[in-house]
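Student: Sharing the features that TrEMBL gives for it:
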BINDING   Lys85, Val86, Lys87, Thr194, Asn298, Tyr299, Arg300, Lys317  ATP binding site
DISULFID  Cys129-Cys175  disulfide bond
DISULFID  Cys137-Cys160  disulfide bond
DISULFID  Cys143-Cys169  disulfide bond
DISULFID  Cys224-Cys234  disulfide bond
DISULFID  Cys268-Cys277  disulfide bond
REGION    1-20  region 'Disordered'
Amino acid sequence: PQGALPGRAGPSRAGRSSAAMGQGCVREVSSYSSPQVVVVRDGRLGTAYRALQLLVLLYFIGYVLVAQKGYQERETGPESSVITKVKGVTQSPSKVWDVGEYVAPPEGGSSFSILTRVEVSAAQAIGTCQEGPSAVCHSEQDCVPGAMDASHHGVRTGRCVPGGSGRSCEVLAWCPLHGGSSSESLAEMAAQFTILIKNHIRFPRFGFSKANIQATESHYLKSCTFNATSSLYCPIFRLGFLAEQAGEDFTALAEQGGVIGVIISWDCDLDLPDTECNPRYSFRRLDPKGTAASPGYNYRFARYYSWNGTCTRVLTKAYGIRVDVIVQGQAGKFSLIPTVITLATALTSVGLGSFLCDWVLLCCMDKEQRYSSRKFEQVPLG
């Protein structure tokens, strides 16, 4: 080109572009952004800004710090032990029942059942008998020898035998399968059975422990029953009281059986004296009520004896009320770390008002260009 020195080429377009990009990067790295305070005198915007700040402060002070105790370190799920003991005697048409017979299991854990009605089958012994209407057959080909599954009452022998209801497969089982059973109710005095629930909890993080019994006299528990106001630390409940508090009719519950939950809640503020940490009891039915498929609660058990040298059993279908004791809770105590985190979050959130108001000025008002030129200004040094 004209004016160029002989033998030397001018700079290429790619070289000039790279140099410009390098200079731009240097300018960005070597620049510093400093906040600029711009006072906008607008009544509506100023009111909205102060209202947002007030709402943020009320939320953190009123809800997070005061209501939710955001200044505390917390521990949920206390270590817990539960011991139960049932007392009472009742009578059915055939005999008198005591605790050793109507409570299962007898160990006194957090889940146990109390029998309220039984259906007792006739004495059974191992032998062969007709399986009944559930295994109708026309010939021995319909009865596979050795076959058994969940729908069978025993092991099939392969024979098709006649009976009172027609021909059906023969099984090796506890016979008679369909013997008559008698129903007996234990509910006459069951509502008056008493249940002692001893509960001890511990929050290991804070080294705090407490029990739901604080009797100063050894005979205190012999003469008291639970009352949420006057006898909170006497955890002796009548079975009828549990059903009533769960909103159930005791007679209907005893007939079909059911599951009652006793929930013990420990919500403790350890910044207060230990006397302010008290158990709170609630009661509800846990199994589905009114279902058509397998309603209520029942189970079977057998008792064995020898009759004329033959091992014999009595099969009992037991209906009862199962009680599940559930312990839950949480404890909190002042700690500097959560307090600092909560306050720092509150102060940071106050700036949300400035962000929203800036967005309104830059995007929603008719003077956004004027505000933008005042808000963002480039000042070269030198």
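Backbone N, Cα and C atoms are what each Cβ position is placed from, and that goes for glycine too.
Here the structure is a predicted model, which means the values were calculated and not measured.
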Student: Measuring Cα to Cα, how many Å separate Cys175 (disulfide bond) from Lys317 (ATP binding site)?
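Tutor: That separation, Cα to Cα, works out to 16 Å.
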Student: Which one of these disulfide-bonded residues has the most other Cβ atoms within 10 Å of its own Cβ: Cys160, Cys169, Cys224?
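Tutor: Selected residue: Cys169.
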Student: Out of Lys87, Arg300, give me whichever of these binding-site residues has the highest number of other Cβ atoms within 10 Å.
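Tutor: By the 10 Å Cβ neighbour count, Lys87 comes out on top.
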Student: Nearest of the binding-site residues to Cys143 (disulfide bond) by CA-CA distance, picking from Lys85, Val86, Lys87, Thr194, Tyr299?
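Tutor: That would be Tyr299, nearest by Cα distance.
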Student: Quick one: Cα separation, Cys224 (disulfide bond) versus Arg300 (ATP binding site), in Å?
Tutor: 35
Student: What are the non-local neighbours of Val86 (ATP binding site), defined as same-chain residues 6+ apart in sequence with CB under 8 A from its CB?
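Tutor: Sequence-distant Cβ neighbours: Val99, Val103, Gly108, Phe112, Ile114, Phe193, Thr194, Ile195, Leu196.
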Student: Taking the Cβ of Asn298 (ATP binding site) as centre, how many other Cβ atoms lie within 10 Å?
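Tutor: There are 17 of them.
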Student: Distance between Lys317 (ATP binding site) and Cys277 (disulfide bond) at the Cα atoms, whole Å?
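Tutor: Their Cα atoms are separated by 43 Å.
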Student: Want to know which recorded positions, from Lys85, Cys169, Tyr299, are within 10 Å of Cys129 (disulfide bond) at Cα; which are they?
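Tutor: So the list is Cys169.
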Student: Would you mind reading off the Cα separation of Cys277 (disulfide bond) from Lys85 (ATP binding site), to the nearest angstrom?
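Tutor: About 25 Å separates the two Cα atoms.
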